[in-house]
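One structure below.
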Amino acid sequence: MTEQLPLALFLMGPTASGKTELAIRLRQRYPVELISVDSALIYKGMDIGTAKPDEREQQLAPHRLIDILDPTEAYSAADFRRDALAAMNEIVVQGKIPLLVGGTMLYFKALLEGLSPLPAANAEIRQQIEQEALTKGWSVLHDELQEIDPVSAARIHPNDPQRLSRALEVYRISGKTLTELTETKGESLPFRVKQFAIAPKERAELHRRIELRFDKMMEAGFEQEMRALYTRKDLHPDLPSIRCVGYRQMWDYLDGNCTLDEAIYRGICATRQLAKRQITWLRSWDNLTWLDSENIEQSLETLSEAIASDRDSCV
């Protein structure tokens, strides 16, 4: 008889849907340990604008994979999968259940399905690409990527040389586009996963929550946090960190491209668009149990029952 795989829980949902509150409540009942699945919460010094769990929340339920990088650094889905698997295994060794909480669907997908191994970096080809960029400009190289891999070109900004260079490098090494390779599934997740998504039933309620949260972030000092980042000479608006929702709009304000009120409005609109994309992902997700943001008690009971029934089946 083969040994049963360990249990892991996914708690997904759009931004401002109440994931953190629900996860903390669950940890107070069961031996779960939280792992953040959020491409913005990884950055140090970006606390208010990302709605990062505060000190009290972190004391109640410490989150792994928060504050692990400086905003100058990039982080891929492959990096996340590596770090999340390591954290999940540590939690299981402690006799507890990994609870993965967040809204970065690409990270959840990479963790669940695995990633096709990409070719290793080739210094000679990378140098060749950098030389071409010096003579032609990155915009010309972006046009080249658009021809061979329009999907990646749509995701990668012309002023993001690190990711643009890597996409071209992968194609020149392997003869396959980054999109082709990343769509190929890799090693599956060695866990029994129960998957949940939380969201309000009505879109208007989610919009209300998003606007309220943005207002609270401004009251908490988001502008001051943004100014501290803006004064750093090593940060610019084409970095993945500064492209995070809210931060890009506030950067435009500090650059003098719009008023503060306009930046807030654009930030709220961008957050709504993000939430719409997250819900679109989730609607096509298999084996998903939906929870209601407006009924946290019932959502907590549903999660609790899932853990209890799993324990009973293992006896």
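Heads up, the Cβ atoms here are built off N, Cα and C, so glycines get one too.
The ATP binding site annotation in Swiss-Prot covers Gly13, Pro14, Thr15, Ala16, Ser17, Gly18, Lys19, Thr20, and the record cites sequence analysis as its basis. Same-chain residues at least 6 positions away in sequence with a Cβ under 8 Å from that of Lys19 (ATP binding site) are, in sequence order, Leu11, Met12, Gly13, Val101, Gly102, Gly103, Ile198. Secondary structure at Lys19 (ATP binding site), as computed by DSSP, is helix.
The feature substrate binding site is assigned by Swiss-Prot to Thr15, Ala16, Ser17, Gly18, Lys19, Thr20. In sequence order, Ala51, Leu206, Arg209, Ile210, Leu212, Arg213, Thr271, Ala275 are the residues near Ala16 (ATP binding site), counting only same-chain partners six or more apart with C-beta under 8 A.
Tertiary proximity for the region 'Interaction with substrate tRNA' (38-41) is limited to same-chain residues at least six positions away from its ends with a CB under 8 Å from its CB atoms, namely 50, 52, 63, 65-67, 75, 80, 102-104, 106-107, 240-241, 244-245. The region 'Interaction with substrate tRNA' feature in Swiss-Prot is assigned to 38-41 (among others).
Its Cβ taken as reference, Thr104 (site 'Interaction with substrate tRNA') is surrounded by 20 other Cβ atoms within 10 Å in the chains shown. Marked as site 'Interaction with substrate tRNA' by Swiss-Prot: Thr104 (among others).
For Arg126 (site 'Interaction with substrate tRNA'), the count of additional Cβ atoms within 10 Å of its Cβ stands at 16 [all protein chains shown]. Residues or ranges marked as site 'Interaction with substrate tRNA' by Swiss-Prot on the basis of sequence analysis: Arg126 (among others).
Note on the region 'Interaction with substrate tRNA' (162-166): residues 74, 121, 126, 129-130, 133, 138, 141-142, 145, 156, 178 of its chain, located 6 or more positions outside it, place their CB under 8 angstroms from a CB of the stretch. As annotated by Swiss-Prot, region 'Interaction with substrate tRNA' applies to 162-166 (among others), with the evidence given as sequence analysis.
The region 'Interaction with substrate tRNA' feature in Swiss-Prot is assigned to 243-248 (among others); the stated evidence is sequence analysis. Summarised by DSSP class, the composition of the region 'Interaction with substrate tRNA' (243-248) is 2 helix, 0 strand, 4 coil.
What Swiss-Prot records for 276-283 (among others) is region 'Interaction with substrate tRNA', and it gives sequence analysis as the kind of evidence. Long-range contacts of the region 'Interaction with substrate tRNA' (276-283) within its own chain (CB-CB distance under 8 A, at least 6 residues past either end) are made by residues 12-15, 103, 105, 197, 199.
Cα separation, Thr20 (ATP binding site) to Arg126 (site 'Interaction with substrate tRNA'), rounded: 41 Å. Ser17 (ATP binding site) is surrounded by 26 other CB atoms, counting those within 10 A of its CB over all protein chains shown.
The Cβ neighbour count for Pro14 (ATP binding site), using a 10 Å radius and every protein chain shown, is 28.
Taking Cβ-Cβ distances under 8 Å and a sequence separation of 6 or more, the neighbours of Thr15 (ATP binding site) in its chain are Ala51, Gly103, Ile210, Val245, Thr271, Leu274, Ala275, Gln278. Across the structure, Ser17 (ATP binding site) and Thr104 (site 'Interaction with substrate tRNA') are spaced 13 Å apart at their Cα atoms. Of all the recorded positions given, namely Pro14, Gly18, Arg126, those whose Cα is no farther than the 10 Å limit from the Cα of Thr104 (site 'Interaction with substrate tRNA') are Pro14. Those residues of the chain, other than Thr15, Ala16, Ser17, Gly18, Lys19, Thr20, with a C-beta within 8 angstroms of the mean position of the substrate site C-beta atoms are Gly13, Pro14, Glu21, Gly103, Ile198, Arg209, Ser293.
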